[in-house]
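Pasting a structure here, questions to come.
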Amino acid sequence: MRSTIVATFAAGLVVASLVAAHGIVTDIEIDGEWYTSSLVFEDPYKIPIPERISWSFFGSGNSPVADFTTRDIVCNGNASAAALVAEVDAGAEITFYWDTWPESHKGPVMTYLANCGSDCRTVDPGALFYFKIDHAGLEDGEWISDQIIANNLSYTITIPEDIAPGNYLIRHELLALHLASDELGAQFYPMCANLRISGSGIINPTGVQFPGAYKMDDPGILVNIYNDIDTYTIPGPPPYNSDSEFSDDDFESVAEISAASVSVFNSSDFIASTLTKSYSALASVYTKPSTSDFKLKKSFSLSSVSVPDGSSDNFDCNVNG
């Protein structure tokens with residue numbers, strides 16, 4: 001009887017310690033400016049409740065989202081919209097600081113952006129489309145979660161320089177895989193914050209929706225990390241890469257191009273070549289879907305071309321979608 005009580009007590013201590021060790025983001029540094037994140041164990045008891053840039057999930061505490069097929073996977077359980085918005089320039093760095101993270105909770109980190117339209121404070125986060133801007137997992141036998149612990153419980157990402165300005169929801173999460181060998185054993189720790197991104201970019205990458213982006217049998221979600229694995233597939237789409245405009249063959253335009261002016265030499269072959277190479281200059285919006293083919297979604301035709309005599313002149317053309 002005594003041994004049963006001792007065993008039960010020990011198991012309770014293990015569970016309690018694991019619950020206490022679950023982490024949340026407590027601070028966010030945005031281009032050198034600090035913001036306190038929503039504090040699930042403090043803010044609900046303050047009068048008035050502090051306004052934050054991060055969405056609150058007071059009812060969930062620091063517990064993980066186990067069932068990623070529910071709306072809880074978007075911004076955590078019973079998430080409520082944040083009242084404030086942080087201003088940030090495209091190309092700036094954002095650092096997320098966690099309060100704690102147990103060494104046993106090995107796994108990847110992932111960060112997404114979603115364009116909210118007019119206002120992130122009134123949007124339904126489950127209706128948005130999220131494009132990944134950063135992720136890290138297992139590299140050279142070391143999990144990124146261990147690096148986060150070693151780096152003062154912090155992780156830094158960079159806002160892509162070429163994305164279009166606007167209101168964005170940033171979604172940041174750690175995924176713990178210590179129980180991921182069982183279905184729904186993977187533990188997600190997502191959070192969201194409101195951003196207003198400034199810049200001169202024109203890119204609107206395609207995205208995925210939550211729930212829906214992750215599947216039960218994804219190799220990065222249903223996985224036994226104790227099998228001495230050498231490689232690990234991070235869940236979700238690949239991160240958007242600003243540098244891959246001409247190196248990757250997977251851009252697809254959704255822009256409607258009405259007119260353009262291109263400087264060319266007096267050569268019909270050069271005109272055709274320049275129109276092809278100058279496609280990026282003509283389009284106002286790009287998206288980057290998960291396809292291996294470079295496609296122009298909007299077909300276009302030259303309605304008029306006038307090239308005066310001379311070695312180098314301008315011509316005007318109308319590009320019709």
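Cβ from N, Cα, C; glycine included.
Here Swiss-Prot flags 1-21 as signal peptide. Annotation source Swiss-Prot lists Cu(2+) binding site at His22, His105, Tyr189, citing similarity to another entry. What Swiss-Prot records for Cys75-Cys192, Cys116-Cys120 is disulfide bond. As annotated by Swiss-Prot, N-linked glycosylation site applies to Asn78, Asn152, Asn266, with the evidence given as sequence analysis. As annotated by Swiss-Prot, O2 binding site applies to His178, Gln187.
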Please name which of the recorded positions listed here, Cys75, Asn78, His105, Asn152, Gln187, is nearest in space to Cys116 (disulfide bond), Cα against Cα.
Cys75
Out of Cys75, Cys120, Asn152, Tyr189, point to the one nearest His178 (O2 binding site) in space (Cα versus Cα); all of them are recorded positions in the record.
Tyr189
Would you say which of the recorded positions His22, Cys116 has the most Cβ atoms within 10 Å of its own Cβ?
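The most densely surrounded of these recorded positions is Cys116.
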By CA-CA distance, flag whichever of Cys75, Asn78, His105, Asn152 among the recorded positions is nearest to Gln187 (O2 binding site).
His105
Spatial neighbours of Cys75 (disulfide bond) among the binding-site residues His22, His105, Tyr189, defined as Cα within 10 A: which are they?
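Cα within 10 Å of Cys75 (disulfide bond): Tyr189.
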Which whole-number value in Å describes the distance between the Cα atoms of Cys120 (disulfide bond) and Asn78 (N-linked glycosylation site)?
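The separation of the Cα atoms works out to 17 Å.
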Under DSSP, is Cys116 (disulfide bond) part of a helix or a strand, or is it coil?
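It is in a strand.
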Give the number of CB atoms, excluding that of Cys192 (disulfide bond) itself, located within 10 Å of its CB.
29
Rounded to the nearest Å, what's the C-alpha distance separating His105 (Cu(2+) binding site) and Asn152 (N-linked glycosylation site)? Just drop the number here, would you?
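That comes out at 16 Å between the alpha carbons.
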Determine, from DSSP, whether Cys75 (disulfide bond) sits in helix, strand or coil.
helix
Are there residues of the same chain, six or more positions away from Asn78 (N-linked glycosylation site), whose CB falls under 8 angstroms from its CB, and which are they?
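Asn78 (N-linked glycosylation site) has long-range Cβ partners Phe57, Phe58, Gly59, Ser60, Asp72.
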If I restrict to non-local contacts, at least six residues apart, and a C-beta distance under 8 angstroms, what lies near Tyr189 (Cu(2+) binding site) in its own chain?
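His22, Gly23, Ile24, Asn62, Pro64, Val65, Asn76, Glu173, Leu174, Leu175, Ala176 - these are the non-local Cβ neighbours of Tyr189 (Cu(2+) binding site), listed in sequence order.
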